[in-house]
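K.L.:
A single structure is presented below for examination.
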């Protein structure tokens, strides 16, 4: 079980040729087959002539003029087209012209429920005087065991979105050579790395955009106590608290900010790890430096641990309900409903403490049946001298020793 008035909080951490094509591949729908190419004149079959006949046939094939063959490009580092655009600038040849895709180097930060734009623009070097039709594709890269996800494909004004992104994404249309992706109503699972690919004929270039939702990592264990969750139950537990299972990157960032927790928990990739800011004997021993300790991957169904959850920053408001009396858990739920709100979840309380500076020295019920209180400014008679969310575990639901924290969406 959780220790009485346990604390999670922050603290100080010390830590450490130019290519030459030798074969010509015809497009399957070009209507051109080798049978339509003019044959080389037959050579007399004198000794040694057979090899020369084959060589001459190949040279004739490779040296045939392609100016009249439309849609027969090849690639040697740049894009070449056999048919001019017809604008008088000669840009259709793309001789020495390179397609360049620009995306931001840093990580983009946003929060759950927000709208965000993933920047992506393209240009040609040297510049072209007239626009060219291109195809734009966005997809989310594989991460933590999850497969790649197609997000959107667009050609001109037509586009198609996929899966959970349908109805939430579109290309920005307010500038020339713009390929930025607009996303609405961000979800926890939208965090990750996205690739923007621009395709012009056979030439394609791409860039990466990393999106991270601002949030807070917190350790969680159920009312049954320590090490009771397999991986699938851990996922459900985090979802019930308005959160998702944290990734290693999110846990590592939390450790850098001071997270110190001696119980091992599941992460998004089904590994089991725990962050130690202060080395001590019960938590791996004094001989190990501070860091994120790992048990490696574990069986998703058979093994049981706690879990590290990730809650994104809130759009709504968490508050302690002023009430003349202390409440049972059922009365606490009802009191929040009467106030036009709902009883807060653990993830919502952590997010309000982390990003809104919620500071209250009164313990209150939460939706999972636990009793906790957030302290942003430590002071005497209010628990530990470190900021954090204090926990009283899971009291008797009929107990009238606590108030309640409510959540009201915007």
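Cβ from N, Cα, C; glycine included.
Dumping what TrEMBL says about this protein:
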type	residues	note
DOMAIN	98-214	domain 'Ig-like'
DOMAIN	216-311	domain 'Link'
DISULFID	262-283	disulfide bond
DOMAIN	316-408	domain 'Link'
DISULFID	361-382	disulfide bond
K.L.:
Would you mind splitting the domain 'Ig-like' (98-214) into helix, strand and coil residue counts from DSSP?
P.N.:
6 helix, 62 strand, 49 coil
K.L.:
Fill in the CA-CA distance, residue 283 (disulfide bond) to residue 361 (disulfide bond), as an integer in Å.
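P.N.:
If we compare the Cα positions of residue 283 (disulfide bond) and residue 361 (disulfide bond), the gap is 29 Å.
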K.L.:
Please identify which of 262, 283, 382 has the densest Cβ environment, defined as other Cβ atoms within 10 Å, among these disulfide-bonded residues.
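P.N.:
The largest 10 Å Cβ neighbour count belongs to 283.
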